[in-house]
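Written out below as structure tokens is the structure these notes cover.
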Amino acid sequence: MKNYFNSLNFRQKLINLQKCKLIDNQFLSEKNNVLKGKNIVIVGCGSQGLNQGLNMRDSGLNISYALRDDSIFNKNQSWINATSNGFFVGTYENIIPTADLVINLTPDKQHEQVVNVLQKFMKPNSVLGFSHGFNIVEVGQLIRNDITVIMVAPKCPGTEVREEYKRGFGVPALIAVHSENDPHDIGFEIAKSWAISIGSHHAGILHSSFIAEVKSDLMGEQTILCGMLQASSLVCYNQLIFQGVNPSYAGKLIQTGWEVITESVKHGGITLMLDRLSNTAKIRAYFLSKKLKKIFFPLFRKHMDDIISGEFSKNMMFDWKNNDQQLKEWRTEIQNTDFEKCNIYYKQIPEQEYFDNGLLMVAILKAGIELSFEIMIETGIKEESAYYESLHELPLIANTIARKRLYEMNLVISDTAEYGSYLFSHAAIPLLKKFMNELQPGDLGNKISTSELDNITLYKVNAKIESHPIEIIGKKLRLYMTSMVPIKTK
């Protein structure tokens, strides 16, 4: 097998990277007739598998689960997840041959082996679904010619797919049909129906390609979505302790602060996030953000370059063969940090205090969102896709940190995302530590003192914030998010 993306010529690569179009609401119907009455079998019952299945069942679809023989015999966590929620569970041999749509939601590292087995049992002219295109794009696995291959990629961890659905909303999703496997020209309608069934029509469904999804997804999760949040949590916490802040308060300010601050981003972009600051704080955050962008630009671009070239995938797959040795080392290292082990702060922190005492956190978010977006765009990825991967998914990741800190985030994201996040944060932490030497009173841990304002400076800062391309595309895309529900902070 070989990297599918690297086998294409330059023109084909560009066409695939640039494929991303928001589907108008008038073409999305909750009736979902295409998959009604069909046998849908989900392979794997982890975070994505369970939560997508719950949403699909609640949308009136017939869902069952295929698990390995040993998973059923040993009654492992996947078996518990499925059976405790009332789903029928069977072996590959027993239920895959009955399926009209087989959705493979096992971890990326298992895809090659799992898909080889699935193809032996799938009936002629059936459909194979993925929620991440890594195996197709980076591994280059070939699928039987009669099988239609589709993808629905929710832009968040599986837990948030369910939570947003229960709120009556949903999470954005990219849908795609593998151009090498659509023999009956039915892939698009089936993928669209699947996306509707998990609630994504409430937030936005984008018609994309396997390649655009993989390259943008890897970039987003490695940098701003997971890697930057991880590195910033650890460094900001240590900085607060250095400043003499109560450790448990510092822990809560960081742990819950990301969720509170990014909730404003979800509803009104970077503009609203900075509007939550005083004018003095906004100007300070703006200029801190400019410095951070300059510092982090080479690292963000390196990650994008390694994703495009396949270098990242090659190195990660080598670690797979090495029994995840590097992944496990990084995982243990993060779990043993002071931030992860600090005591819980039980007092309520007022919402505005997170903004007032987290000015640096606001600056970090602004810098990371804009950098991730800008570098995706210069690589050929469309603005719509770059927006979801650098901004909209951010509060959904922050929600996981708010629950059980970085442990929860790393638990619910994929192993691929976790590996990439550790890779980025390992390089980002020294840069952030050095940047802490530039902090002034009011940047982190306490409120900045109000100072005399220059009207012209404030006007120019506001104009710069509002005119950034991610703010322009964000206003357009948020018009489709008609049922967005605010999250209440505890």
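For all residues, glycine too, the Cβ spot is worked out from N, Cα and C.
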Check Swiss-Prot for me: it has Glu389, Glu393 binding Mg(2+) 2, so pick out which one of Asp146, Asp182, Asp185, Asp217 it puts in that same site.
Asp217
Of Arg57, Arg68, Arg167, which one shares the NADP(+) site with Cys45, Gly46, Ser47, Gln48, Ser78, Asp108, Lys109, Gln110, Gly158 in Swiss-Prot?
Arg68
I'd like the number of other C-beta atoms within 10 A of the C-beta of His132 (active site), please.
25
May I ask for the distance between Glu393 (Mg(2+) 2 binding site) and Ser414 (substrate binding site), taken between their Cα atoms and rounded to an integer number of Å?
14
Quiz question: given the binding-site residues Asp108, Asp217, Glu221, Glu389, which has the greatest number of C-beta atoms lying within 10 angstroms of its own C-beta?
Glu389
His132 (active site) in three-state DSSP notation:
coil
Neighbour count, 10 Å Cβ-Cβ cut-off, for Cys45 (NADP(+) binding site): what number do you get?
28
Arg68 (NADP(+) binding site) versus binding-site residues Asp217, Glu221, Glu389, Ser414 - nearest by Cα:
Ser414
